[in-house]
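Summarising the annotation, TrEMBL assigns domain 'Mur ligase central' to 110-324. The ATP binding site annotation in TrEMBL covers Gly111, Thr112, Lys113, Gly114, Lys115, Thr116, Thr117. Annotation comment: TrEMBL describes Lys226 as N6-carboxylysine. Positions annotated as domain 'Mur ligase C-terminal' by TrEMBL: 346-474.
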Amino acid sequence: MRANQLIALLQEHNLFLSTTLNSDDVDFASLAYDSRKASANGLFVCKGFNFSVDYLQSAISNGAIAYLAEKDYGVDVPVILVTDVRKALSLAAQLYFGFPQNDLFVIGYTGTKGKTTSTYLTTNILSRTFPQQVAMFSTINHIIGPKPEDQYRAHLTTAESFDLFHEMRQAVDNGQKVLVMEVASQAYLLDRVYGLTFDVGIFLNISPDHIGINEHPNFANYLFCKMQLMLNSRACIVDADMDHFEEVYAAAKVSTAPENIFTYGFNQDAATLSITSSEATLTDSQFGLTVHSEDDRLAELATSYNVSVPGDFNQSNATATILASRLAGASVADMQAGLANTSIPGRMESMTTKNHGTIYIDYAHDWGSMNALLSFLHTQFPDHHITAVLGSTGDKGEDRREGFAKALNDYADTAFLTTDDPGHEDPIAIAKEIDSHIDHNKVSVTIIPRREDAIQHAIASATNDDLVVLAGKGEDAYQKINGVDTPYPSDPVVAQEVIDGLADEN
Ligand SMILES: CC(=O)N[C@H]1[C@@H](OP(=O)(O)OP(=O)(O)OC[C@H]2O[C@@H](n3ccc(=O)[nH]c3=O)[C@H](O)[C@@H]2O)O[C@H](CO)[C@@H](O)[C@@H]1O[C@H](C)C(=O)N[C@@H](C)C(=O)N[C@H](CCC(=O)O)C(=O)O
Ligand SMILES: Nc1ncnc2c1ncn2[C@@H]1O[C@H](COP(=O)(O)OP(=O)(O)OP(=O)(O)O)[C@@H](O)[C@H]1O
């Protein structure tokens, strides 16, 4: 990467301040933002809340010949000074990796809930249209190519810009043509996707979340960050049913022509697509779409679909994926097949038992998702007794505790309060806080700290028509306790052991 090209790019974005490089003809052999990964003749980027000048010194020891930063650290190698180092890192990464986004059709999902589900559904549809050519960056998993070794667990919902563009480069080199990815609000807060234009950006929904230390200072900032996806997408898809729809639609209109903005919703005659829910079972759901648009690409979408994850909210997610897949070139047949055959780890996974009802394992871990989940079950299956097993995370999202109680009061009959990533807090104290907001005339509550025991009691006490919801951890195989990921078998494994044990007893 040539210094003069980098400086020109930074100037184009009004980020460049000055440099102490003797010549701008330097060719950097590498780029790094972590000193442990710095190498010979490289450029090192100084950024981060916990940045220390020691990291810069160690990057220099590892071979860095210059650094990019917001201030001069007075070390022995020259600096390129910028006004905003996170934005500069994103641009430098794009230049260093040869702007890989230009060789990909990039689809980005944002929303408080449904990003992972929609990303999986879209990937499964488009993998039929473009076999072995669809990359995916989700909270759970990354896919950067067709081989088994091209798949690995994710660290963040949206990776740091350097890592993001690095993986995009690898995806392109592995022959990928499409990328489906999640765009967390933090991605915009921390400029991880600065300078990236999405071919399609989808805004699924918004409810208060991720507000607090290390996250957003307030809801306005959370919404502002998420809306940036609309301003950075060539085509926008927006859920017309969601709160703040008017603001999000207005943001989309700032940079996208109305004919490239698509909306969807239940019984929304003003939306591009309206959804009619036709049948919901415990394991999947059917819905139909009506098209209210003259756009030739959309006419065929007016048909019926079966999505293999239950819940009316998943009909909504599925409709967003239908629109996004269509813009990427998928046929209706691919959509129908893809939607009917997708399973998403820890999202509405169901297990049936002989005598203890149906068990749901779901990642719902705030009021919005718990409310959507329990209200769906309550409305669709009004005569079934609903038992929920849940906790609430420690060290963050304290307002979730009251939110969980509210959803339980509205829709559940029994709750087993237990441990869910307590961090540095006492899980029993967290459970008691949730309990303090529960209406005991409506919900019977038992606090059982060990999650395995809570699941055992919930399933064992359920009878045949009951619905038992194991909420919050999905397929997580750990509990975050005192800063350590402590091994935990995972809810599906524990539930299966309980079911097997109960079957032996019967
Ligand atoms: C508060 C926050 O968002 N921090 C993120 C941020 O950290 P940072 O840039 O401030 O870096 P830092 O951790 O302070 O470290 C300082 C710098 O020193 C460097 N370093 C460090 C050690 C060393 O020996 N040498 C060295 O050079 C580091 O590489 C880094 O550049 O950038 C890092 C990547 O460069 C992220 O790993 C880190 O995410 C933390 C771990 C995190 O958990 N963030 C959460 C809140 C998050 O982003 N969540 C969203 C999902 C939200 C949702 O569910 O929707 C996500 O996208 O995952
Ligand atoms: N459109 C939706 N509206 C409300 N709740 C939803 C919706 N889609 C999914 N959920 C619920 O939210 C949970 C998390 O879903 P998913 O992992 O797809 O969302 P996410 O946006 O990736 O979440 P997170 O940011 O918390 O990782 C699901 O298990 C389900 O209970």
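Note that Cβ sites are derived from N, Cα and C of the backbone, with glycine treated the same way.
On the structure: features taken from TrEMBL.
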| residue | record | DSSP (3 states) |
| --- | --- | --- |
| Gly111 | ATP binding site | coil |
| Thr116 | ATP binding site | helix |
| Lys226 | N6-carboxylysine | helix |
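Sequence-distant contacts of Thr116 (ATP binding site), defined as residues of its own chain at least six apart whose C-beta falls under 8 angstroms from its C-beta, comprise Ser138, Thr139, Ile140, Glu182, Ile344, Arg347, Tyr363. Most buried of the recorded positions Lys113, Lys115, Lys226, judged by other Cβ atoms within 10 Å, is Lys226.
Around Gly114 (ATP binding site), the same-chain residues at least 6 positions away in sequence with a Cβ under 8 Å from its Cβ are Leu204, Asn205, Phe313, Asn314, Ser316, Asn317, Ala320. Annotated ATP site Gly111, Thr112, Lys113, Gly114, Lys115, Thr116, Thr117; additional same-chain residues within 8 Å of its Cβ mean position, judged by their own Cβ, are Tyr109, Ser118, Glu182, Leu204, Asn205, Asn317.
On the 0 to 100 pLDDT scale, the domain 'Mur ligase C-terminal' (346-474) averages 93 in the predicted structure. Set side by side, the binding-site residues Thr112, Thr117 differ in how many other CB atoms lie within 10 angstroms of their CB, and the most is found at Thr117. Contacts of Gly111 (ATP binding site) defined by a Cβ separation under 8 A and a same-chain sequence distance of 6+ are given as Ser118, Ile202, Phe203, Leu204, Asn205, Ile206, Lys226, Asp239, in order along the sequence.
DSSP places the residues of the domain 'Mur ligase C-terminal' (346-474) in helix, strand and coil in these numbers: 48 helix, 28 strand, 53 coil.
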